[in-house]
Amino acid sequence: MSELVNKMENLSVGDSAQKKSAYVPPHVKRRMKEGGSEPSSRNTENFGNGGRFGGSEHNGFGGGRGSWFGGNARGGGPRSSDRGGSSRFGKWVDGKHVPMKRNEKLEVQLFGTPEDPNFQSSGINFDNYDDIPVDASGEDVPDPITEFTSPPLDELLLENIKLARFTKPTPVQKYSVPIVAKGRDLMACAQTGSGKTGGFLFPVLSQSFSNGPASTPDESGYYMRKAYPTAVVLAPTRELATQIFDEAKKFTYRSWVKPCVVYGGADIRQQIRELERGCDLIVATPGRLNDLLERGKISLCSVKYLVLDEADRMLDMGFEPQIRHIVEGCDMPTVENRQTLMFSATFPTDIQHLAADFLKDYIFLSVGRVGSTSENITQKVLHVEDIDKRSVLLDLLAASDGGLTLVFVETKRMADALTDFLIMQNLSATAIHGDRTQAERERALAFFRTGRANVLVATAVAARGLDIPNVTHVINYDLPSDIDDYVHRIGRTGRAGNTGLATAFFNRGNKNVVKELVDILEEANQEVPSFLSQIAKEMSYGGGGGKSSRGGRGGYSRGNSTRDFRRHGGGGGSEWSSANRASSGWGNANRTGSGWGGSSGFGGSTESWSNASKTVGSNNSWW
């Protein structure tokens, strides 16, 4: 990583942002010196058309993503009362958990091998996290754990954690495990790459393994007519949902708990077939879950745990009416009769007010410095005019040390155009954005994860939550207008205690985020370029904002994104929630006359809303 940083510093970009009259990429220069020919217009890996991967190959992904157990998941018949009947699952017999026998072939499939780079251990460089400050607020906060032990964790879960090569809990896991074990609700704010997924899976699965399944109605026939999950995990994007599902498969190994995943863009009939075979933990996007609830394929009456991952994004992107319908408009137990856990890297004050409606007597957990960036990530800001961005990008890629590079752009059109340009330069690149089909998006991610494409050009659809091992460099080709999106983007590298590099292309078109960008760099002990300081001063003297806007919800101060509003001001939660939602169209008032009720609230397998409610959650790429 230090070699890559040194190579970057030798590039002719920076404060002066000098333009090049006739740019020749470094790899072309090398070929010309060696007497090589000019690069061909296309490589042979078929990454063309913005990385659409021609042909019909699905590479094991697509509509049947949740079908990892095969066509006969529960032994070919209805689910028995002991929750067993298959060699792939444990059983719950006479109030006891009976794990299945170990399966070495399945273990390699789930956990990989130590030398496999695609299965990254969270133990690497993990001691870097030991000094991270943790602030827990609320009444009677339990003491944190320091190691993975039983108690409080179930013995089978500990074995699976060991198979995953997790050696010690992350800061968020140290607190979330005892908090959930005590039956408390939780709002957890932790820096990206800090183990938030394990932060909710570990305690929820441990309690499930120990307490067993909830009782469900007896149903006869080959399949159950409904699934009765005991845990529901909501995620804003399809990619994040499948990633959580992949982790759930690891940690439910040999147990009675069967995980499933449902999301839009995939074959709903296949997802229904999986649900009919039984589902104990469901990972879902809000739109598809509402669709399945309307179809009567899922009952939430047995839910003990509700988890919202990237909760701030879901509540801020127009998902609140859908989530409120799931939580309050169906048969889910009330807030007093379930545990609710919310996780994200940022929780702005206005989102905390909304989130508080779904929680009871909760503990607020803030892990890491305010600003939520990791010092494991080296941040570089280069002054690059729009006309020079492609040239500078090629320089950075030529200086790469061979790791994976994630390039963020603002528009879908730019993602395709930039990917095609990189392919023309004989670089293995692919793209992911909301206009891709689900099969195309999953295949692009598969190519990137395995290194067949070492450059992924992405819009915001991939910015949140995705954990791709070996991403050594994140490049913000287009800086976002929201500084929190910048935090989440650069968090795709430097994960799990590892080091990473994040480079941002900045020019005066990005001056709306300059003040907060300087704050982020200073808080993470990063170098602030002189041109950035100068523009920040100009903005300050000229009365410029420097505040980022928040899609239709107004600006907010980033200073409270990781602080409990109950301790740091902002008024009473219930008073704010009721008064402001009534005036701003949020919450129950927004549902009235918005297409709720009956069968018209959701549009079948495509998850489109009725015409009256398309203004809510209209960005379908998040479904």
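Using the three backbone atoms N, Cα and C, a Cβ is placed for every residue, glycine included.
According to Swiss-Prot, the region 'Disordered' annotation covers 1-93 (among others).
Per Swiss-Prot, compositional bias 'Gly residues' is recorded for 60-78 (among others).
Per-residue confidence over the motif 'Q motif' (146-174) averages out at a pLDDT of 90. The feature motif 'Q motif' is assigned by Swiss-Prot to 146-174.
Annotation comment: Swiss-Prot describes 177-365 as domain 'Helicase ATP-binding'.
For Ala190, Gln191, Thr192, Gly193, Ser194, Gly195, Lys196, Thr197, the entry in Swiss-Prot reads ATP binding site, with the evidence type sequence analysis. Counting every protein chain shown, the Cβ of Lys196 (ATP binding site) has 25 other Cβ atoms within 10 Å.
What Swiss-Prot records for 309-312 is motif 'DEAD box'.
Per Swiss-Prot, the feature domain 'Helicase C-terminal' maps to 392-536; the stated evidence is sequence analysis. Applying DSSP to the domain 'Helicase C-terminal' (392-536) sorts its residues as follows: 70 helix, 26 strand, 49 coil.
Taken from Swiss-Prot, the feature compositional bias 'Gly residues' applies to 541-557 (among others).
Annotation comment: Swiss-Prot describes 541-623 (among others) as region 'Disordered'.
The compositional bias 'Gly residues' feature in Swiss-Prot is assigned to 594-604 (among others).
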Exercise. Per DSSP, what is the residue count of the motif 'Q motif' (146-174) in each of helix, strand and coil?
Worked result: 13 helix, 0 strand, 16 coil
Exercise. According to DSSP, does Ala190 (ATP binding site) fall in a helix, a strand, or coil?
Worked result: strand
